[in-house]
């Protein structure tokens with residue numbers, strides 16, 4: 001299905017693509033196969049996505065590959081993906097920050113590798129002791145026995 005291909009190209013979920021297709025079609029009343037940048041901006045607003053006019057202009061220029069000044073469905077999907085996927089990443093960053101803060105009880109900006117072992121074990125109980133040691137050695141490059149937030153982030157998102 002074309003939606004399946006779009007999902008692969010954009011990294012969006014199929015359900016998201018269906019919703020976006022409906023939004024696109026409802027604005028493309030004459031079934032021309034494209035909508036105006038202004039319409040795109042309205043759709044994004046309806047989806048609760050805030051975007052400044054400057055960055056919106058830049059994105060439109062980037063997305064409107066054929067320079068038609070009109071946004072075809074595939075271009076529209078690429079644009080929506082930028083916002084939807086970035087939001088997911090931001091949400092994940094927030095969750096990781098909170099998880100880190102929870103374990104960094106003294107607020108030192110780092111956790112011990114022992115604490116990290118416990119976190120990893122909670123995330124995946126199938127990890128063996130050897131695997132845990134391997135992961136820890138990879139993360140705690142300087143062998144300090146502590147892991148700061150950046151090292152933690154790199155591990156979780158890498």
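Backbone N, Cα and C atoms are what each Cβ position is placed from, and that goes for glycine too.
Summarising the annotation, Swiss-Prot assigns N-acetylserine to 1 and lists experimental evidence as the type of evidence.
Distant neighbours of the domain 'EF-hand 1' (15-50): 3, 6-7, 56, 60, 64, 68-73, 76-77, 79-80, 83-84, 87; these residues of the same chain sit at least 6 beyond its ends, with a Cβ under 8 Å from one of its Cβ atoms. What Swiss-Prot lists as domain 'EF-hand 1' is 15-50, and the listing cites sequence analysis.
Sequence-distant contacts of the domain 'EF-hand 2' (51-86) (same chain, six or more residues past either end, CB-CB distance under 8 Å): 6, 9-12, 16-17, 20-21, 24, 32-37, 39-41, 43-44. Here Swiss-Prot flags 51-86 as domain 'EF-hand 2', drawing on sequence analysis.
Around the Cβ of residue 70 (Ca(2+) 1 binding site), 17 further Cβ atoms fall within 10 Å across all displayed protein chains. Taken from Swiss-Prot, the feature Ca(2+) 1 binding site covers 64, 66, 68, 70, 75.
Within its own chain, the domain 'EF-hand 3' (91-126) is flanked in space by residues 132, 135-136, 139-140, 145-149, 152-153, 156-157, which lie at least six positions past its ends and keep a Cβ under 8 Å from the stretch. Annotation source Swiss-Prot lists domain 'EF-hand 3' at 91-126.
As annotated by Swiss-Prot, domain 'EF-hand 4' applies to 127-158, with the evidence given as sequence analysis. With a threshold of 8 Å between CB atoms, the same-chain residues lying at least 6 positions outside the domain 'EF-hand 4' (127-158) that come near it are 92-93, 96-97, 100, 109-113, 116-117, 120-121.
Annotation comment: Swiss-Prot describes 140, 142, 144, 146, 151 as Ca(2+) 2 binding site, evidence class sequence analysis. The local packing around residue 146 (Ca(2+) 2 binding site), expressed as other Cβ atoms within 10 Å of its Cβ over all shown chains, amounts to 18.
Residue 146 (Ca(2+) 2 binding site) sits 51 Å from residue 66 (Ca(2+) 1 binding site), taking the CA atoms of both as reference points.
Sorting each residue of the domain 'EF-hand 2' (51-86) by its DSSP state yields 25 helix, 2 strand, 9 coil.
Neighbour count (other Cβ atoms within 10 Å of the Cβ, all protein chains): 20 for residue 75 (Ca(2+) 1 binding site).
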